[in-house]
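A short write-up of the structure that comes next.
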């Protein structure tokens, strides 16, 4: 038989599910009666789940788990003690009873706050350091207007008398006139080569 094995499995599953023939299990009831249900809940063969997923009906209350490891309300404490006088006595000494008092330190919040504070201080210190370095670097560079007045050879001494600057060099001469250019002899004043060699014979 050729084909996909998944189609064969799907066919077998559908034929099994759609089977309407009477079976022996149809005579059994789904729900248990009160005696059987109580014996199931109180049997020692069943493994307790230790109050996982809020199964408080199956496991007894625990004061340390419900009120000391986490905050509990008056009703939760009453469920544990099952007596109003014992509950009131406990509630007066409970630190989260709503009447104030000093509670325990939340370590996670303290760690997050301290880490954030230290990080903020480090970032502020780095920002101040970079700003001071930028100002120091900017203070060492002269302004463009002052750059022409300060000679690189003169020492910068604000306390002493200013040293005189050397006189500026004379301006370069301008272009010569036409007559001056003709009268001047230069390298390129030679006559042009003769054109006899370039003529074609007729």
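Yeah, the Cβs are placed from backbone N, Cα and C, and that goes for glycine too.
What Swiss-Prot lists as compositional bias 'Pro residues' is 158-175.
Cβ environment of residue 72 (disulfide bond): 66, 96 lie under 8 Å away, each six or more residues apart in the same chain. Residues or ranges marked as disulfide bond in Swiss-Prot (evidence: sequence analysis): 67-72.
Under the heading 4-carboxyglutamate, Swiss-Prot lists 70. Taking a C-beta cut-off of under 8 Å and a sequence gap of six or more, residue 70 (4-carboxyglutamate) has no contacts in its own chain.
When the motif 'PPXY motif' (192-195) is classified with DSSP, helix, strand and coil residues number 0 helix, 0 strand, 4 coil. According to Swiss-Prot, the feature motif 'PPXY motif' maps to 192-195.
Positions annotated as signal peptide by Swiss-Prot: 1-23.
For 131-202, the entry in Swiss-Prot reads topological domain 'Cytoplasmic', with the evidence type sequence analysis.
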Taking the Cβ of residue 67 (disulfide bond) as the centre, count every other Cβ atom within 10 Å, in any protein chain shown.
20
